[in-house]
């Protein structure tokens, strides 16, 4: 229970982007004409920013302390944010125009 408040902060920070994604999926399924797919896209982009920031903080902590001195909490959340960062990085590449997903079709 040492990291209870840190886990709660991580959940609170990630709640809003996941809420946007879920709300966007519900809007897409209900065929709402107000572009709910943008909510999904913005939620993924926000998760990418949060994950990138947390990965950067973990790398700084890893450089300063070393792998064996870092707590289990930080290691677990590093891998969670790494998994969240990979699809959001692809969404950022599409958003910035680096890759064109329609070129493959």
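In case you wondered, yes, glycine gets a Cβ from its N, Cα and C as well.
The annotation transmembrane segment is assigned in TrEMBL to 7-28 (among others).
As annotated by TrEMBL, transmembrane segment applies to 40-64 (among others).
Outside the transmembrane segment (76-99) by six or more residues, the chain places 10, 41, 44-45, 47-48, 50-52, 54-55, 58 with a CB less than 8 A from a CB of the stretch. Per TrEMBL, transmembrane segment is recorded for 76-99 (among others).
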Within-chain partners of the transmembrane segment (7-28) [C-beta distance under 8 Å, separation at least 6 from its ends]: 34, 36-44, 46-47, 50, 73, 77
